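Trainee: So TrEMBL says this about it:
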TRANSMEM  12-37  transmembrane segment
DOMAIN    20-144  domain 'EamA'
TRANSMEM  43-63  transmembrane segment
TRANSMEM  75-95  transmembrane segment
TRANSMEM  101-120  transmembrane segment
TRANSMEM  127-149  transmembrane segment
TRANSMEM  155-174  transmembrane segment
DOMAIN    156-288  domain 'EamA'
TRANSMEM  186-204  transmembrane segment
TRANSMEM  216-236  transmembrane segment
TRANSMEM  248-265  transmembrane segment
TRANSMEM  271-287  transmembrane segment
Amino acid sequence: MVGLEEKKTNKLFLTLVAPLLFVLLWSSGAIVVKLGLHDSTPFGYVAIRFFLSTAIMWSICILIKSPIPRKLAQWRYIILTGLLLQAGYQIFFFLSLDFDISPGVLSIILGAQPILTAISSKNKTSVYQWTGLLLGISGLTFVVGSSLFVGKFTIAGIGYAILSLACITVGTLMQKRITVSMPTNMAIQYTGGAAALLILTPLVEKTTISWTFTFWFALLWMTLVISIGASMLLFYMIQKGNLTKVTSLFYCVPPLTALLDYFIYGHKLSIASIVGMGIIIVGLILVNKQGLIKTKVEPEGKAV
């Protein structure tokens, strides 16, 4: 009976608690990043966040005695995954905001990840899921179309947002194959990202930081809540679930971020945006019609 109850609890966490908490935390990312960029240059901001995240994750690994990969090939693969999923995604994410794209528009572009993952993934995608994904894209089209008129954006900002989308999509597909313990995986990925930023930052910008209360709040939020908390939830769901269903959660991010964008920064929401959000929600329901996440899904390709 205890084992059955434990399985029910784990399933509830995987199918309901983890997705809801992840969407809520992840949606706050674009908003809080914008706060921090008022007091810091983008690469310096990301670099400090990576150094803090690296220190925290290795501390966790030591505390819980998380096993370390023994094969060099595993280290290479995990570091490459981290350079895409962590460093590349976040660098281009920050740059797009620094080049004056509004958080709502940025999240809408990143919301295209689910259909890109479904196209690239080896998981079987049902008719319901494809219908839901296409509805999601339709909803995004509604919101993007209106946001281009009422939200702020630049060509450079859009370009960096697309690069951010490419990094997180490819990185997510690669992450599915990693089977080493989550804390070790994250620690290695953040170490690779921190090393890359240590080299790149002095080459691309003259870092300036104003150590204001707002910057400290944004830095700690993005480190503890997003880099540690939300990323752990994402890695857990990727490891345990179907990629198409997991990444479909990103369809929920644009509506929630756009709402936060409206309440915090005052960027307007048009009727078309609201209609698009409704379509996205319907699409998400169809994608997950047969249960949000299956608990027994094999890693795609060869495990690492």
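Quick reminder: no glycine exception, Cβ is built from N, Cα and C everywhere.
Situate these features within the shown structure.
Mentor: When Cβ-Cβ distances below 8 Å are used as the criterion, the transmembrane segment (75-95) is approached by residues 29-30, 33, 37, 42-43, 45-46, 49-50, 69, 106, 110, 160-161, 163-164, 167-168, 170-172, 174-175, 177-178, 180, 185, 188-193, 196-197, 200, 231, 304 of the same chain, each at least six residues removed from its ends.
Outside the transmembrane segment (155-174), and at least 6 residues removed from its termini, the chain residues within Cβ reach (under 8 Å) are 77, 80-82, 84-86, 88-93, 95-97, 99-101, 105-106, 109-110, 112-113, 116-117, 120-121, 238, 243, 247, 300.
Counting residues 6+ beyond its ends, the transmembrane segment (216-236) has Cβ neighbours under 8 Å at 14, 18, 21-22, 25-26, 28-29, 32-33, 35-36, 39, 45, 48-50, 52-53, 56-57, 86, 175, 182, 185-186, 190, 246 in the same chain.
Beyond its flanks by at least six residues, the transmembrane segment (271-287) meets 111, 114, 128-129, 131-136, 138-147, 150, 244-245, 248-249, 251-252, 254-255, 258 of its own chain at Cβ-Cβ distances under 8 Å.
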Trainee: Counting only residues 6 or more past its boundaries, what in the same chain has a CB within less than 8 Å of a CB in the transmembrane segment (101-120)?
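Mentor: Same-chain contacts beyond the ends: 27, 30-31, 33-34, 93, 129-130, 133-134, 136-137, 140, 143-144, 147-148, 151-154, 157-158, 160-162, 164-165, 168-169, 172-173, 243-244, 247-248, 250-251, 253-254, 257-258, 260-262, 265, 267, 280, 287.
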Trainee: Can you break down the domain 'EamA' (20-144) into helix, strand and coil residue counts using DSSP?
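Mentor: Going by DSSP assignments, the domain 'EamA' (20-144) contains 101 helix, 1 strand, 23 coil.
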Trainee: Suppose I define contact as three or more CB-CB distances under 8 A, residues 6 or more apart in sequence; do the transmembrane segment (248-265) and the transmembrane segment (12-37) meet it?
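Mentor: Yes; at least 3 Cβ pairs under 8 Å.
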Trainee: Could you give the mean pLDDT over the domain 'EamA' (156-288), rounded to a whole number?
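Mentor: Mean pLDDT for the domain 'EamA' (156-288): 87.
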Trainee: Who are the long-range neighbours of the transmembrane segment (12-37) in its own chain, taking Cβ under 8 Å and residues 6 or more past its ends?
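Mentor: Hits for the transmembrane segment (12-37): 45, 93-94, 97-98, 103-104, 106-107, 214-215, 217-219, 221-222, 225-226, 229-230, 233-234, 236-237, 240-241, 249-250, 252-253, 256-257, 260-261, 264-265, 291-293, 295.
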